[in-house]
Structure formats: C-alpha cells, structure tokens
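If you check TrEMBL, you get these features:
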- Cys14, Cys50, Cys85: [4Fe-4S] cluster 1 binding site (BINDING)
- Cys168, Cys172, Cys175: [4Fe-4S] cluster 2 binding site (BINDING)
- 5-122: domain 'MTTase N-terminal' (DOMAIN)
- 154-388: domain 'Radical SAM core' (DOMAIN)
- 389-451: domain 'TRAM' (DOMAIN)
Amino acid sequence: MSEPRKLYVRSFGCQMNVYDAQRMTDTLAQEGYVETDSPDDADLVILNTCHIREKAGEKVYSELGRLRKAQEEAGRRQMVAVAGCVAQAEGAEILKRARSVDLVVGPQSYHKLPELIAAAERRGGNRPAGIVETEFPVEDKFDFLPPPTRAAIARRGPTAFVTVQEGCDKFCTFCVVPYTRGAEVSRPLPKILDEVSRLADGGVREVTLIGQNVNAYHGLDAAGRTANLTELVRAIAEVPGIARVRYTTSHPRDMDDELIAAHREIPALMPYLHLPVQSGSNRILAAMNRRHDRELFLDIVARVRAARPDIAFSSDFIVGFPGESDADFADTMELVEKVGFASSFSFKYSSRPGTPAAGMGEQVPEAVKSERIHALQALLDRQKAAFDAACRGRRFDILIEKPGRFPGQLIGRSPYLQSVVVEGPQEAIGTLAEVEVREVSTKSLSGDIRGGEFFMRNPARESRFIGQSEKLEA
Ligand code: 5AD
Ligand code: SF4
C-alpha cells in the first residue's frame, strides 16, 4: 500500500478559519490525506488566510516565501494552496506575487477542494498556471462538506466551534468582511443540531456558535419557520452531553430582548459576551456606519448585566479611524472606564483597499495611532488584571480540556475563557470540575478541585484528588 499523503493546514485570523480548517481536513481525510503538524513533510500545504488588517494579509506572503525556500533547499515539490479571505480578496493576484502557489480557493468553495486539487495535480508543476476558485457558488458548501469522524472529534478535544452564520450585511466602512465572506447566510437549524449531536456523541461538551454577525442568525427550523439565535441556543443547550454554549461575534444592533433574556434563562449559556463596540465616540461610530451609538451600547451592557449579574464583557476597539480626534479618543477611553471589560482586542485602524474608509480624508498619522493604542491597551490590561484578581477565592466550573505542562496537571477553562491549571487525573479531561481559584497570574489562574462530574462518578477517587494541590503544598 502506498504511504498516505500528508496535509498541513495553517490558519491565520479568526475562529471561523479554525473551524474551516477542520472542515477542509475532514474533506481531505476522505481523499486519504492525514494531518501532519510540520509543513516540511507535508505533500499538501494549505494556508488559511486572514485579510482583516494589512499585517494579517501580508503574513501569507512571508509564509509562502518561507515555504518556497524550504522546498528549494530540500529539493522537493509540495502542492501549496491559499485559502481563506486573502484568497477571496486577491484571487489571481496571489499567483502573480507568489509563483509557488498551485491553488487559490475562496471560503465558499471548500467543498470543491478534492476536484480542485486533482485539477492542480493534473497540471503537474506547470507553474505559474495555478487554479483560482473564488466564486460564490449557488450550492451551500455545508451540504457537501463531510462531517468529522469520531476519532477526529476526540482528537480535537471537548470544545468545538460550529459555524451557524456566515457573511455580513452591515458594511462597517472599515471592514472587508462583507466582501470576503459575502452576504449574510444562516445555516438551517436542524443541520446545526445534527452537527452538534454528532460532536456531543464524540465527547464535545462545549460549543461556540460562530458567525461574523452571529446574533443576526435567522435559519429555517424543521417546520420551515425562521428561528433566531435564542431558539438555536435553546435547542443546542438541550442536546445530551452539551454543558456549555457560547456565541460570537455579535453586533450590538442585533442584541434583542429575547437574546438578553436568554442569558438569564439558559444556564448552559456562559456568562461571557464578546460585543465589539469599536469606538466610544458617536461621531466616529457614525463615520464607521456602525448603526448604533454609545448610548445604545451602554444600554445593552446594562440590560445584559441586569439579566445575568455575573456576566463579563469583552470587546473589539479600533483606534485612529479617519478623522478620530483627541476628543473622540477620550470618548472611547471613557466608555471603557464605564463598562469595565474582562478582556479585549484593540487594533490600530488599517486602511483596506475597496472599503469606504480607505478613501476618507483625514487619515490619522501612525504616531498618533501608536500613542492611542498604548493608552487604550494599558487601560484594558488593567481592567483584565482587576477582573482576574477578583476571581481569587471564587469557585466556578472549569471544563477540563487537556493535560498541563507537568505530570498530574490539567488545564481547563473558566466560564470567562480564562485558562485554569489544576491537579487531577487524566480521566477528568472532558468533565466539568468545581474549582476554587487560588492563584492568579497574567496568563492563567490556578486552583483546587473541590468537586465535579468526574468525582461524582468516581466517589472512591474523591479523597485522593480533591484539594490535593493544597496537601502537596503543605
Ligand atoms: N482596521 C483595524 N481593525 C479592524 N477590524 C476590522 N477591520 C479593521 C480595520 N480595517 C477589527 C474590528 C473587528 C475585528 C475583528 O477586527 O475591531 O471587530
Ligand atoms: Fe465587519 Fe462590521 Fe460586519 Fe463586523 S459588523 S464583520 S466589523 S462589517
């Protein structure tokens, strides 16, 4: 029998790319490809790219250069595919700029990978005549992408992403997503439920529903009615085995009353919400075409907090959007002070070709952007540190995900996505453990298991492990 062909996929950017990489891997597993974690011994390398900011877009070219050099040095030929949002945005340009590329494939065509690869193979090193597939096909790729095998699910661990909605119709003036991922499309609810049930059968306990505008979800249910995100979350929370549900990324405009109430009503819905605001200035929010003002954002935060008092927020910010004055930036700082975020992502505005903001006058000088991002990040870091410090002494459920760095250690996630290190048996991976947080550092928390599913199922082991780290220290 011939050796199986080896596949290496590297994802840049957002969680949807992580999910897409898995679906590409599942598709190619059916063609006999096995995953490798080294690009150097792969027969096929897929770079799953991100176009959101200029820096992200450029990364692919440095990676392609590195691959080409490694291939030349080793005197070997690999097939190289560029997928993701740079593929969609730049298409054939990529072939011109990087002659080692055999295939450029946009995010809506991943189900066609086997035939595209076969076609590229038939051309057999006939570079630079690579293949470009960036159409938005009429068929739904999800109807053709094969599901993961049980073994693949188990390998990926107890948490999983599931795309439920893709694309965006909001057209924020800085953003490429409506062009790279296309118009908003929601997957039908029964198909998502099937996928989640399958994941749960394979041992998944936590699903994060993902979409560029996930709370605009409006998929058809089994009766042909349109279901919203709340109905979807409710249905998923009922799937046997699923203990936790999250959703990301949301738009403030789509946080309706029902979804806010869901945070009170559905215990499996984790008390952590990523809600990008981008700016605290109404003038800038209008120029960004965000379709909401700071008052609406603050009102949503207050209403979600009233529904679920232990909720924590994270957000995205852009500094240096065209025309942003010192006063506008001060409004952003003031909004951050007001809300108090548990964690956040902040970026310097990056001008993207083809977006309305790229053509706006009054681009902010780089030095000013740098000054503002430092000030904002310092404030956000302080807020994160304060949030983490307030977790000391608290008890919450940790979903144990994997072994830690040292023998006997396990790593799990808190409801707020903090990494938590505990001591316990390997068999506890995939279970919820009740943990009392003992120490807090910048990267993670550590604590002691006080109870939880594994120990309830194995009472004989309870005394051996509960509070063991305390005993070890004594
Ligand atoms: N420049 C800087 N940041 C951007 N984002 C999106 N487009 C740009 C851009 N042109 C940020 C936004 C968004 C996150 C995913 O990336 O904050 O919420
Ligand atoms: Fe981009 Fe705005 Fe859509 Fe988010 S809501 S993906 S920032 S256009």
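Positions of Cβ are set from backbone N, Cα and C atoms, glycine also.
Annotations in TrEMBL come from automatic prediction, not curation.
Predicted, not measured: the structure shown is a model, and the values here were computed from it.
In terms of local Cβ density within 10 Å, Cys85 ranks first among the binding-site residues Cys50, Cys85, Cys168, Cys175.
In terms of DSSP secondary structure, the domain 'TRAM' (389-451) contains 4 helix, 35 strand, 24 coil. Separation of the C-alpha atoms of Cys50 ([4Fe-4S] cluster 1 binding site) and Cys168 ([4Fe-4S] cluster 2 binding site): 16 Å, rounded to the nearest whole number.
For the domain 'TRAM' (389-451), the model's pLDDT averages out at 96. DSSP gives Cys50 ([4Fe-4S] cluster 1 binding site) a coil state; it is part of no helix or strand. Sitting within 8 Å of the Cβ centre of Cys168, Cys172, Cys175, and not among those site residues for [4Fe-4S] cluster 2, are the Cβ atoms of Lys170, Phe171, Phe174, Val176, Val177, Pro178, Gln212.
For the pair Cys175 ([4Fe-4S] cluster 2 binding site) and Cys14 ([4Fe-4S] cluster 1 binding site), the Cα-Cα distance reads 14 Å. Excluding Cys14, Cys50, Cys85 themselves, the residues of that chain whose CB lies within 8 A of the CB mean position for the [4Fe-4S] cluster 1 site are, in sequence, Phe12, Gly13, Met16, Asn17, Thr49, His51, Ile52, Ala56, Gly84, Thr180. Cys85 ([4Fe-4S] cluster 1 binding site) carries a helical DSSP state (H, G or I).
With respect to ligand 2, the binding-site residues Cys85, Cys172, Cys175 contribute Cys172, Cys175 as residues with a C-beta closer than 6 angstroms to one of its atoms, given in sequence order. DSSP places the residues of the domain 'MTTase N-terminal' (5-122) in helix, strand and coil in these numbers: 68 helix, 24 strand, 26 coil. Separating the Cα atoms of Cys172 ([4Fe-4S] cluster 2 binding site) and Cys85 ([4Fe-4S] cluster 1 binding site) is a whole-number distance of 17 Å.
Screening the binding-site residues Cys50, Cys85, Cys168, Cys172, Cys175 for a C-beta under 6 A from any atom of ligand 1 leaves Cys175.
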